[in-house]
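First comes the structure, then the notes that go with it.
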Amino acid sequence: RLQESRERLSVCSKLCYAVGGAPYQITGCALGFFLQIYLLDVAQVDAFYASIILFAGRVWDAITDPMVGFFISKTSWTRFGRLMPWIIFSTPFAIISYFLIWFVPDISTGQVMWYLVFYCAFQTLVTCFHVPYSALTMFISREQSERDSATAYRMTVEVLGTVLGTAIQGQIVGKVDTPCIESPFFFGLTNSSVAMEELNMTHDTESLTDTRNAYMIAAGVIGGLYILCALILLLGVREKREASELQSDEPVSFFQGLKLVMNHGPYIKLIAGFLFTSLAFMLLEGNFALFCTYTLGFRNEFQNILLAIMLSATLTIPFWQWFLTHFGKKTAVYVGISSAIPFLIAVVVLDSNLVVTYVVAVAAGISVAAAFLLPWSMLPDVIDDFKLQHPGSHGHEAIFFSFYVFFTKFTAGVSLGISTLSLDFAGYQTRGCSQPGQVNFTLKMLVSAVPVGLILLSLLLFKLYPIDEEKRRKNKKALQDLREESNSSSESDNTELASIV
């Protein structure tokens, strides 16, 4: 009991730790919801090249996660810790690259390369922030209950971060009326993309100046919040080397660590389940703004609908924390993630109705909250199980977290690139006030049919996940026994050494 009391984290420490998760979610939400429509309708990048930017950026983001995880595992401890220096040095450069993503360069050629370079640069730098921050969960306390509690604080703040990202980006940009081009005549032409391009050339491009300025103002505000959250994390959280008890003087082999992690059955089953869940919600996130704008016809309401999703998710995080505590994490997965299915079907089956859309947004937010909380709450359980099976293997926490993110980001990049490319094949019209029927059908598939199928597949995979509540309790007790045995052995060695002296 005395040991547990010493391991307890104060509410202030948990809050400071939780605030550190906001920058990743604020920027990620703004990019996820708005980058696609920004590239297509504001920067006026061709849909084919926009799909390349989104695909390459996401895939590069995925590749950097295990790379950063590996380099962190090789990093020596400093007086600031092993993880904190990564967070300190990546922050200023991440803010600069984020701002440049939302800047439209005055160049006739090379625009695609501009967005590709700075999008990839930002993804690399934010990975240098988020991977060590995620692994920090294992270094703030040895108590599983304290880590779970801190994770709940973190998920609440992270979902609040998505609300801020949606609200800041959506409300600032939504105040500006982005001009569109009425061209129903061209929708019937076989070479409509060429016709639209000619029409865009004759249209006054300066009409987009206010919209472009609004995106840059939003980027500046979000950059300021990024700095503030990073400072609170650095000043309010102490990284404890003894918390994990997995330090080793021998260097960790990348391939050895990769082999051990990939051969751990519970980890593979967990990431496989959440892989398809993440894909479902990322498809919904990436295409929802276009779906609201064109398919549902809510051009001036889509930012408020997105805000309703994020507010609903934020308010229900505490409920899901209570639910998983009382009914178990696997039960929370089944109930939480499946709750979105009927509403995703309803939004495309029923006629366009603003009230119904808001109801669907609130219901989707409830499911989003579960999808946010549960992976990060269940990953520490998998790592604890790994420790019991490999007591002599040390320093793999960052690899566990980074490879989970790697798989979700890589597949999300593929799906987002394919979804944007499918819009191009369907005949998406840049800056059009309306879209052809094929585009609207494609958007319905991307925000309803495909996500529902992915969610159902993920629920089947979660049936194979072996760590239920009984297994979790057994692992906790076994780890406790190992720590007590280690402490007793250490005290015995010290006593023997003292007697010799």
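Positions of Cβ are set from backbone N, Cα and C atoms, glycine also.
TrEMBL tags one of the stretches 38-61, 398-421 as transmembrane segment, and that stretch is 398-421. Between the transmembrane segment (15-35) and the transmembrane segment (356-377), fewer than three CB pairs separated by 6 or more residues in sequence fall under 8 Å, so the two stretches do not touch.
According to DSSP, the secondary structure content of the compositional bias 'Basic and acidic residues' (476-486) in residues is 11 helix, 0 strand, 0 coil. Ranked by number of Cβ pairs under 8 Å to the transmembrane segment (356-377), the listed stretches 116-140, 304-324, 331-350, 398-421 are led by 304-324. Fewer than three CB pairs closer than 8 A are found between the transmembrane segment (441-465) and the transmembrane segment (116-140), and contact between the two stretches is not assigned (pairs 6 or more residues apart).
Relative to the transmembrane segment (267-284), the listed stretch 398-421 leads the set 116-140, 304-324, 398-421 in CB pairs under 8 A.
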